[in-house]
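Colleague: Submitted below is the structure of interest, expressed as structure tokens.
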């Protein structure tokens, strides 16, 4: 795939996202002209781009869609749910066509073609055909709009548009092919006559093959309006000089045009005669008269050009409006674009890797400086390490993206699914500005999709059912994101019936996941839904209920070093909370030592450190200022067989609102930790989140505090439960 | 049965890897008095034993991880993996870094051996099929028996010996000590 095509595909996908958002918006506020314009603009940009990359199948499809949008914009048809649904499926179809283009195929396969044909037929039947007789589609503006009439006897005889086009020198360098614009123009009407102007073409030895020297005078027969013709040249708008004269324009306008164009008036005049825009008599007459243009403009001092043109009935008022609006849009878009740079993700990853190496190298320099005892050196290295820290933060920031975009995708999902299920569901999004690592954003989409679909299908009840339970008929689904002590929380909350404890337990027994009579807490029961092959829906719908979802959700989230928890209140709804680490690459760590090994505890979870008092032998909790603080002895947990030193320390850690202690030998201070994954053979390990390389070159393990404490708790629970329970479920 | 089929497949792939009939090169090393061979194409480098960081809660044959120029590489104790006792570290103990293709791309693994001997060419005609028993290690770990100077060396099927899937599974069992299904 060449570069232009790939740019086209990327940009078109963005346009599609915008299109979808605008369509959903349109459904909510029908008839809002801004939204309508946004829809139209997106569709048109895609079509224009497709014309430039000469992708016929996209042009053909989008063209029809645009026709419908055009009618919509002209108020010939009204916005309805059905129409939006069809337009959304059009957007999907364009997406599929882009896939085809991206895959390098020249034509979509049969299935896709058939799908496209079905959608088009539907558009044609329901929205295009029925109105065609009532209002003929976009005739030339002069024919449809009364105010623009070619007043006076100066009207010229031709009924074609006249387009004067001078491509700028940089058009070719910008990757645009002038011919493809002409070819695309041809799809709007018929080029009656075209004359190429090669006046600026220098002698062969001076000619730069990358510079475009060409200009065109085109006599163009079309029923499209001026804006439509102008839009053909959207992509080279800044790079070319474009003059369009409507059919039956005044002779004066032609003369004005002649004066404006850089070429010699006489020569141009001849060309205009040749392509049939003017007759020789008209030209002679015009040149003889040489009426100064817009004399009135000199009188009405500051009258803007647009108004003058309107006064002269040269252009339609709405054209001026459109032009002004367009200028505004273009400048806004440019402002937004100038704030963004597209970078290939692998370049960024390379940078982050290098920063990671820099952090490790810096740590070893610090270590050596500390050993050397030279105070100047220590000072210099501490300055460097502070800078390295800032570089690290800045580099990581580069990869952070807002989660809002991912959330917004769900507007469409919720709309479609709620329709399909016959439920009325409102999606409330908060915290869309929360930033997280790009690679995580990409991977969190699927699990979220499962959760949202599940919540809609199983969670939220049918409207009748809701009303019967005294709840508003409209269900509410929330997507929230926020920061919580060094992690990012993403919640999917519904106000449905909640999880059915009994049913889950019964199912779990039936599936042999738990033993009958086994007592489990509510949380444990709810978490059973994440087991493979578990689904309690009595009916399997095509949305969910096949029981393949939830365990995949948990696995995906775990692969991001995250966790997912569910809480639920019967009759009030359930809440799925996903906890994700802030970044995947580098964290601030707290280095501790047990025996000869060093471990890193993520600093975000560390609250304080205290000394473990001697009298704590035999029990695993301490009194922390009147609070009971349970702790984990890392030495016992990890089976390190040596004699503990006389003095041990407790690192108090916090996660998800809970506090616990971790008993270690030494506290070795803060440490910038570059996370190195432990490889797939350790993927089932619990309590260790990864590894890092210390300044000395040794590998230290990073503790996963939450998993560690949970593991310890389970361990204890099990050994406590063993005497009563003959056989634990799945030992 | 399945093993015969599997080893047949292996022979084919070994042939393809070596290209035509050219003899393949093998790295030989000793481990607990026995001589083993390993296809040279899998061997990335050989380093001195040292600085292995233990991973807690793992079965004995996973010795730990090392820092290999900035990458964290797991180290497997081959002797323990074959069901024997853990290797004792001596002056000649080495870590052979082996590169393997797995589902998630290439992966490096370190293997502890008692001593590295030499690189040998063993012609295909000199390789016998593995015995169904008697080699004291699992038959599917053996790709063939190479005849070198009248002695047999065991040519390892390193993809099986260091199967990430299997090791991860064993690691999980070692770690799990009876966690219930609703764990987490």
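From the backbone N, Cα and C atoms, a Cβ is placed for every residue, glycine too.
Under the heading domain 'HPt', TrEMBL lists A:1-101. The feature domain 'Histidine kinase' is assigned by TrEMBL to A:385-584. Look at TrEMBL and you will find A:586-714 tagged as domain 'CheW-like'. Residues annotated as phosphohistidine in TrEMBL: A:44. Positions annotated as region 'Disordered' by TrEMBL: A:132-154, A:283-302.
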Colleague: Report, as a single number, how many Cβ atoms besides its own are within 10 Å of the Cβ of the residue listed as 'phosphohistidine'.
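Modeller: There are 22 of them.
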Colleague: Across the whole of the domain 'Histidine kinase' (A:385-584), what does the mean pLDDT come to? Round it, please.
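Modeller: So the average pLDDT across the domain 'Histidine kinase' (A:385-584) works out to 80.
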Colleague: What are the helix, strand and coil residue counts for the domain 'HPt' (A:1-101) according to DSSP?
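Modeller: Going through the domain 'HPt' (A:1-101) residue by residue, I get 85 helix, 0 strand, 16 coil.
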Colleague: Just to be sure I understand, if DSSP states are collapsed into helix, strand and coil, how many residues of the domain 'CheW-like' (A:586-714) fall in each?
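Modeller: So the counts come to 23 helix, 69 strand, 37 coil.
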